[in-house]
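Annotated features in Swiss-Prot:
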type     : residues  : note
SIGNAL   : 1-17      : signal peptide
DOMAIN   : 31-329    : domain 'GH10'
CARBOHYD : N105      : N-linked glycosylation site
ACT_SITE : E159      : active site, proton donor
ACT_SITE : E266      : active site, nucleophile
DISULFID : C284-C290 : disulfide bond
CARBOHYD : N301      : N-linked glycosylation site
Amino acid sequence: MKASSVLLGLAPLAALAAPTPEAELSARQAQQSIDALMKAKGKLYFGTATDQGLLNTGKNSAIIKADFGQVTPENSMKCQSLENTRGQYNWAPADALVNFAVSNNKSIRGHTLIWHSQLPGWVNNINDRNQLTTVIQNHVATVMGRWKGKIRAWDVVNEIFNEDGTMRQSVFSRVLGEDFVRIAFEAARKADPNAKLYINDYNLDRPNAGKLTKGMVGHVKKWVGAGVPIDGIGRQGHLQSGQGNGLGQGIKGLGDSGVKEVGGNELDIQGNNGNEFGGGNKACLPVPACVGIPAWGVRDNDSWRPQGNPLLFDSNYNPKPAYNSVVQALK
């Protein structure tokens, strides 16, 4: 048999053995998985935000499997997405994310139960204290109950402070005052006693800012002291270039509030030079309460604010200098 015939005979076998692009991507990224590096430093995860549509797009799911140990639903668990009509739930998109995470051994952060934005009109129109209390309790119990035991942590209340540390005006604060925080957290603890319960907000990166000191830290200390079951504070990080340098002080300030956990949530940095992403993750390492950092997405053009290339991967799913800076910061 001629050599050419042998080669031709082997060609189909070689084609069958050739790895798929997704397999090649997984193998390449897993060699320096940022989630594995974060866990090697004693933390719980390096995470990202995604949803059903993104998981079915391009190489998103392959990168998440290889590089990220935690997922947060970007929109599918918000009230308007889940219960736009009272008592009628749209579970499919969030179920898809939970099923993906469970089947791939990823931790899940539920986001978010009580938020003034992306809120159905029927909730905003409530004026009766007892009615709103019941709505909060039922929504929390129903949503958390569906995935009880599958979701590690929940953002129970989200973005409730103004920049000066006062409470934001919303239907919740208007009708219930700040007592809606207690109502929501007590309902959450009852719904899933083993889940970690978080309060989440942005602009908590400046150590002397009113939102951090008077708002988040001051209120959380008071609420925890009164028995409100708050386990952790989520610090969003939707930043501009140059703002990443304050992450360390902000994380430490939150850790001083007395909560058990601090999660650096929703990190993206517009116009970053690469080094700031690494610095933001390194800032978590010396703070015992800091359990991990989630980026807010995988690649730039899928970001909620794609201008300024704020994420770790470019539009072709190639790791950027920001990705490499995280790897170096965690080694």
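Heads up, residue numbers simply count up from 1 along the chain you see.
Keep in mind that glycine also has a Cβ here, set from the backbone N, Cα and C atoms.
Fewest Cβ neighbours within 10 Å among the glycosylation sites N105, N301: this applies to N105.
Ranking the active-site residues E159, E266 by how many other Cβ atoms lie within 10 angstroms of each Cβ puts E159 at the bottom. Computed over the domain 'GH10' (31-329), the whole-number mean pLDDT of the model equals 92.
Of the recorded residues, C284 (disulfide bond) and E266 (active site, nucleophile) place their C-alpha atoms 14 Å from one another. Spatially, by CA atoms, the recorded positions N105, E159, E266, C290 include one closest to N301 (N-linked glycosylation site), and that is E266.
Every protein chain considered, the tally of other Cβ atoms within 10 Å of the Cβ of C284 (disulfide bond) stands at 26. In three-state terms derived from DSSP, C290 (disulfide bond) belongs to an extended strand segment. N105 (N-linked glycosylation site) and E266 (active site, nucleophile) have their C-alpha atoms 21 Å apart, to the nearest angstrom.
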